[in-house]
Amino acid sequence: MNIIQGNLVGTGLKIGIVVGRFNEFITSKLLSGAEDTLLRHGVESNDIDVAWVPGAFEIPFAAKKMAETKKYDAVITLGTVIRGATTHYDYVCNEAAKGIAQAGTATGVPVIFGIVTTETIEQAIERAGTKAGNKGADCAVSAIEMANLNRSFE
């Protein structure tokens, strides 16, 4: 049996990151976690490009455009959606998740889902580097692994 898996060495990888500006006090921490993790795994600073978009709903569009350029080994998406009093949360979360999945399958470039979806601001803050780790850092590790896995299929 052959086992195919990506390693966690970022040397030589080019990574795109799409970040939603809405709830920027949280998404900026997710971005910092992602950038720090990429650098610690060997990705060069000049091989990381960041595109800011208005919010989570716009992330799939930019992620797909970024992936379509074929300049990136992986694209990380970072955003935060916090439930409010209306159904807006459900629509944004569902459509963003679908769009991000489609961006990866349509382009053949790994697109990593890093949208934090929570019931409260406190839960979002926890996932941006306090009690529950940093989702941006987790996504960076996934991006490196998937980029290297994808290369093994070429």
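The backbone N, Cα and C atoms fix where each Cβ goes, and this holds for glycine too.
Summarising the annotation, Swiss-Prot assigns 5-amino-6-(D-ribitylamino)uracil binding site to F22, A56, F57, E58, T80, V81, I82, F113. For T80 (5-amino-6-(D-ribitylamino)uracil binding site), the Cβ neighbour count at a 10 Å cut-off comes to 27, with all displayed protein chains included.
According to Swiss-Prot, the feature (2S)-2-hydroxy-3-oxobutyl phosphate binding site maps to A85, T86, R127, an assignment based on sequence analysis. The Cβ of T86 ((2S)-2-hydroxy-3-oxobutyl phosphate binding site) has no same-chain neighbour under 8 Å that is 6 or more residues away in sequence.
Under the heading active site, proton donor, Swiss-Prot lists H88. Under DSSP, H88 (active site, proton donor) is assigned to a helix (H, G or I) in the three-state scheme.
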Chain-internal residues, separated by at least six, CB under 8 A from F22 (5-amino-6-(D-ribitylamino)uracil binding site): P54, G55, A56, G79, T80
Tertiary neighbours of F57 (5-amino-6-(D-ribitylamino)uracil binding site) (same chain, Cβ under 8 Å, six or more apart): V92, E95, A96
Assigned conformation of V81 (5-amino-6-(D-ribitylamino)uracil binding site) - DSSP reduced to three states: strand
For E58 (5-amino-6-(D-ribitylamino)uracil binding site), the one of A85, H88, R127 that lies nearest, given that the recorded positions are compared by Cα: H88
For A85 ((2S)-2-hydroxy-3-oxobutyl phosphate binding site): intrachain residues, at least 6 apart, with Cβ closer than 8 Å: none
(2S)-2-hydroxy-3-oxobutyl phosphate site span - longest C-alpha distance across A85, T86, R127, in Å: 23
